[in-house]
Ligand SMILES: *[C@@H]1O[C@H](CO)[C@@H](O)[C@H](O)[C@H]1NC(C)=O
């Protein structure tokens, strides 16, 4: 005689919600149907557009109900420690054996990062020997919300890309300036447009459609003012609600545009790092990474110039211990060093910043940047 039993044991499950989100949105990651109080590893892997593998992992112990919830549970080892709901994203690092000096940057903003997450048995280091995968899930991380328009700008000598939010506008707008690394960097503008702002990224060095040689700035000061004018005069932009954001050398440029065109327009300016402020007539936010090893932003951020000109009420300063030079949109990993150039000479740049405090700075600064824009450009 044979007795047959059917016992329903659900298979382990890993969920990530929402499965598709903007890069600056938090997602909720949870493992279920696991044995209680058992060690597991949650691991994230993705390929950059240059096909380099990036990965992060963290060790957890399941709760009494056989779950692990990254929004509230603590990692006890791996790429980060403690309760870090987005640690698997900002903790991404080049996989062992990767090329040196990598920095993760999005080039094509019309496709997402696709992050594969897996739940592994035990406390293991992925890539090291055998590990048993219990469950897996994939998430998409976007810089561009549905309906955002990407428009190539080649006008008045300007090499840029304009991003427009969905709808007819007119929209408040941002001019987006990056550093001497060059090229046309679009991802922050794409994200601003996803948040309701028209945003223009421009190239001013290191782009083949600009006057050469590529390793020098060969555009004059008027280039930047024309870019500002082009944005301000666009029919889908509110002419009196245009801000500027800069990072690294972009801060200097932002300040220069703000002080030079300030007489013509009452524009509102938002800037991340900077010079001569006596002529400033608009609000300024200055963000400092206290472990910045590539620019003396702490010294630069002093209020004296503005105080002397009786303008300190225009100035907001944010300062973050343990953060480096490259304060970017949140949940993207910091590169403490990265390869600057290969030719004619191999150069490595030291940016500074430690992974966890840098990630915390990016998250906090981004909220404050968006609030600052909301208060100064939309109200
Ligand atoms: C995970 O924990 C957070 C915080 O306690 C809670 O809000 C969320 O609902 C939990 N997620 C799931 C899927 O249970």
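Even glycines carry a Cβ here, placed using N, Cα and C.
Record features, source TrEMBL:
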SIGNAL    1-21  signal peptide
DOMAIN    222-266  domain 'BAAT/Acyl-CoA thioester hydrolase C-terminal'
ACT_SITE  248  active site, charge relay system
DOMAIN    271-377  domain 'BAAT/Acyl-CoA thioester hydrolase C-terminal'
ACT_SITE  292  active site, charge relay system
ACT_SITE  325  active site, charge relay system
Cα-Cα, residue 292 (active site, charge relay system) versus residue 325 (active site, charge relay system), nearest Å, comes out at 4
Test of understanding: give the count of other CB atoms lying within 10 angstroms of the CB of residue 292 (active site, charge relay system).
23
What is the average pLDDT across the domain 'BAAT/Acyl-CoA thioester hydrolase C-terminal' (271-377)?
84
Sorry to bug you, but what's the C-alpha spacing from residue 248 (active site, charge relay system) to residue 325 (active site, charge relay system), rounded to the closest Å?
8
